[in-house]
Amino acid sequence: MKVSVSWLKDLVEFNNDIDELSEKLSMTGFEVESLEDLSEQAKNVVIGFVEEITPHPNAEKLKVCSVDVGLPKKLSIVCGAPNVKAGFHVLVAKVGAYLSSKSLKIKLSNLRGVESEGMICSLEELGIESSNEGIEILEENEANIPPIGSNAVDYLCLNDTIIELAITANRPDGMSMVGIAREISTITNSKLTLPNLNYIEDFNIFEPKICDKETIGVDCIYSITYIDSIDNTGKTNKNIFNKLSSLKQNCINPVVDITNYLMLEQGQPLHAFDADLLDNIIGRKVKPNDFGIRNGKQGELFVALDKKEYKINPTIKLITCDDIPIAIAGVIGGNNSSVSDKTTRIWLEAAVFTPTSIRNSSREIGLRTDASSRYEKGISSNMTTAVSKRASELISVQLGGDNISSYVNTDFKKKSISVNLRMDKINSVLGKLSSSDSNFVNNNSTKLRYLNEDEIETLLSKLGLILTSNDSGWNVQVPPYRSSDLTREIDLIEEIARLIGYDNFDSNMPDPLEPGVLSPTKLVERRLRNSFIHNGFQEVVTSSLVGPENTDDNAVLIKNPLLSETSRLRTNVWDEHLKILQRNVSFGAEGCWIFEIAKTYKKDKECFVETNLLSGALTGSKRLSKWGGASKQLSLDYFEARGKLKQSLDVLGVETIDKQLAEKDFMHPGRTSELFVEGKSIGFFGQIHPSQSEKFDLIKETYLFNLDFDSLIKAATRKTNWTRIYKDYPTVPYMERDIALIHSKKYSSLEIMGLIKKTGRPLLEKVELIDRYEGSSMPEDEISQAFRIRYRDAKKTLVEKDINPIHEKIRNALKEKIKAELRS
């Protein structure tokens, strides 16, 4: 938002210098992005008088002018403007001047054999106007001509500074000169003098054809005003022209300039349609009810004021006259109804549209205008009709407008927001004043104290709030222009702190000051992340937003997506994980092991369900090097991949049980297991289906895991698992025996290990798979495996006679239960 200091001084009486004012604005939330001194545009540009003109000896279209600029010697300047005449005052850029709009430095030059000692300028060359109608002749525009040789700054009204402010989304009132003037009045304790707005509700009710209810919401408004007998052929009022020019607004014609002027002044966009052109469009005289709002049609074309043709779709909202598009709502008007110097009758639109609808339309056509930027932040409907009436009055006074008739789509009443503000709540939130550099409090003593009621009333009244005292504090009525950000008690308290200055309040540290402690959940999560990283995994973070290729019927759709590729929330994580593996392998990585703690989202009837997952994927091999040893090549088969996951999960202190998973579309049917913790299924681990390997151009030995993170954390932080119980270190040795067997493939190694553990109690301490073989030398439905069993008695050293009965019992159980053929 660009703000003219000269314009501000018409609205508020402040005496602060520009740097001090900029500092105050920045400290109260209006960050100053840049300062521009407009007088630099007219540096070395002076008032000159053309005394004599002679033809150029070597160029038919050029003239040699003798110009008096207040120096002892007249300047000889070569000029090609057709309207240059002797006996008139002009603007002269002397040698050394820099015209920033043209990036041109004026030098002593030789033009076709004649020396030129400067340049006679047009307003376009000085960056004042966009039109190029020749040089500026002062007698045509100014009765009181400045002295010859004087600086042109005052004549050009460039004795001004432009402050560019960053306006936050919660302060749409800052998108107007009046809004910034109110802020400056408050922070500098200065008198405010604002233009009067007429809130008398004398608009007629009409029924526009609003087919799209999303554009005009409950708190929105649509009004039009008919004005005829306008003389739009002259020049714009000088005051309005100068203010628009200072803010780099193109001056078009008086009607359009008045609408732009009021948009900058009040923050309410206005748009004027040429009534005669509208009559021609629909083939009859336009009536108020002919106006409407609808969605665009796919493939519809629209030529806007910028002469560009835009392709319309149903996301874009259109203003129509008898269903014919005449504007893109809140963004830009149509070329078919544009106001020109020939316009004598207009329909003036003043409306408030929903921010979302304007944002969508603006994004779809790739155009952001001054009007759309204001609508996107939100505008109060309370001021719309009043600003429209002010525009009608200016047009009537300056351009002779007559027969004014105003219409509005609803019997709109000014809405007020009331907030209860408690004195004790202010004190408890803000604490005591430690010092004060503020205009609102006086705390010269070093003693800490709370704000008093008079100080609070003075400050809030300056903001335009109306306070009514009650037992606990005040009932505060919020003005329309602050209705978007002052809706709660805490908002008012924040406003008090913002204006007094946060650094003027005493800072209280917690007493006693205790170090922060991670909760068990966060501690386990941190340990788990570190464990995965130590085992060779890399953590990734993927986007929660996905495109329409996610065809899950339960996917949560985004109502206002920025792109079609981010139009819904993900229902799984593995799709993106497989893409990451694909990218890394395509870039030459030998292997890629990744994990992520992430959320997925689904619809469940009327509710939305978020699920916390621990997911990951592994493909290829990795080299894990250690100090003092050579790198070891790890080839990744099913059991090694599952082993890496097991090692990573061991830090949780919970046991995971694998059971074969019958079927999962994207997983290999014979190489996928369902994982259980404490008897509850928490997810799966396995090799991806060959079709997925082909789809993502990955090797077949690619593995996925997808686990319920909350269930894992719950089990890990359960008191029996979380509270570590001290166990004496064994003082007696263990004994180990191996069992090798051939058995049917229908029995998994985990089932066999479970049977061994159950049978070998109480001396069996540990069992692990140490060898596995399947191949052409064995029947297709059989497999050979070897297990190592560890026995130990905590009280004594075991001997053969202690172990033999139990070991034989295990062998018999394997023969009977799974029909195993024992090899050892």
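Just so it is clear, glycine is given a Cβ too, placed from its N, Cα and C backbone atoms.
Per Swiss-Prot, the feature domain 'tRNA-binding' maps to 39-153; the stated evidence is sequence analysis. If you take every residue in the domain 'tRNA-binding' (39-153) and average the pLDDT, you get 90.
What Swiss-Prot lists as domain 'B5' is 414-507.
Glu494 (Mg(2+) binding site) has a Cβ environment of 17 other Cβ atoms inside 10 Å. Glu494 (Mg(2+) binding site) carries a helical DSSP state (H, G or I). Per Swiss-Prot, Mg(2+) binding site is recorded for Asp485, Asp491, Glu494, Glu495, and the stated evidence type is sequence analysis.
Under the heading domain 'FDX-ACB', Swiss-Prot lists 730-823, citing sequence analysis as support.
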Neighbouring C-beta atoms (10 Å sphere around the C-beta of Asp491 (Mg(2+) binding site)): 15
Residues satisfying Cβ distance under 8 Å from Asp485 (Mg(2+) binding site), sequence separation of at least 6: Asn170, Arg171, Asp491
Tally of DSSP helical, extended and coil residues in the domain 'FDX-ACB' (730-823): 30 helix, 32 strand, 32 coil
Cβ-Cβ neighbours of Glu495 (Mg(2+) binding site) (radius 10 Å): 20
Residue counts (helix, strand, coil, in that order) that DSSP gives for the domain 'tRNA-binding' (39-153): 7 helix, 42 strand, 66 coil
Additional residues around Mg(2+), ordered along the sequence, whose Cβ is within 8 Å of the centroid of Asp485, Asp491, Glu494, Glu495: Leu486, Arg488, Ile490, Leu492, Ile493, Arg498
